[in-house]
Amino acid sequence: MKFTIMSKGDQSSDALASTMKEYLLDFGFIMDEQEPDIVISVGGDGTLLYAFHRYYNRLDETAFVGVHTGHLGFYADWLPTEVEKLVIAIAKTPFQVVEYPLLEVIIRYVNGSKESQYLAMNEATVKSAEGTLVTEVEIRGEYFETFRGDGLCISTPSGSTAYNKALGGAIIHPSIEAIQIAEMASINNRVFRTVGSPLVLPKHHTCVLKPTAGMNLQITVDHLTMVHQDVKSIQYRVANEKVRFVRFRPFPFWKRVRDSFVADK
């Protein structure tokens, strides 16, 4: 089996990554940064996001597992003290794979140039680079509303605990194939009106934003931030692709939610 390890880059993460590499090589595994079967992330959830975007083009062949060198995260269930146990599990145990839905983002341009396409594991956001975002919102090909405000956040179920939650969005279990649209400081008065509530769209339902002509947009996809000009539309939907996580033991989603937001530290 082929593996690679991506480290956060700090001293403790690099040391753990080096130790795991030596152990796995001793077990006869092959280090392969180009076409790994397993990607081991050592750091935090941000490190695993980087790993996902590094290997987004081979999601059917690659599975991810995370070791947290900080506090326990939503994408990693292994602690630094459990590294030897994890290595033995990888080497000796047939692993199960859990699949999480992803968000597909397609940006189309006024001048007809080639569209830009992205996958998000957590969320994608859109804001005006200059001020208030003004955009038509279409759902399933029908006009829904004209949004005016700071921006919009479109999240996956696994990303619903991140920026989406801070915006008042619902937490959605990753077994549900859906995306969620949450508003950022919408303008609502007697003249301008939005639904003012997060929207949950099931698979096969598409949301298309059509921003005001000439507006420069700041668009994020997970940790990536870009400025796009001459945008005709931005399309969001549940992606056909899924991210796969290696599981050697139960890792209940609602326990993670409780430990992160409710339980005493």
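Numbering starts at 1 and runs along the chain as it is shown here.
Including glycine, each Cβ sits where the backbone N, Cα and C put it.
From a predicted model like this one, the values you see are computed outputs, not experimental measurements.
Look at Swiss-Prot and you will find D45 tagged as active site, proton acceptor. In the three-state DSSP assignment, the secondary structure recorded for D45 (active site, proton acceptor) is helix.
The number of other Cβ atoms within 10 Å of the Cβ belonging to D45 (active site, proton acceptor), over all protein chains shown, comes to 21. Under the heading NAD(+) binding site, Swiss-Prot lists D45, G46, N122, E123, R148, D150, A185.
Cβ neighbours of R148 (NAD(+) binding site) (same chain, under 8 Å, six or more residues apart in sequence): T132, L133, V134, S186, I187, F192, T194. The separation of D45 (active site, proton acceptor) from D150 (NAD(+) binding site), Cα to Cα, is 26 Å. All chains included, 16 other C-beta atoms sit within 10 angstroms of the C-beta of D150 (NAD(+) binding site). Across the residues the record lists as binding NAD(+) (D45, G46, N122, E123, R148, D150, A185), the two Cα atoms farthest apart are 32 Å from each other. Taking the C-alpha positions, the distance from A185 (NAD(+) binding site) to D45 (active site, proton acceptor) comes to 27 Å.
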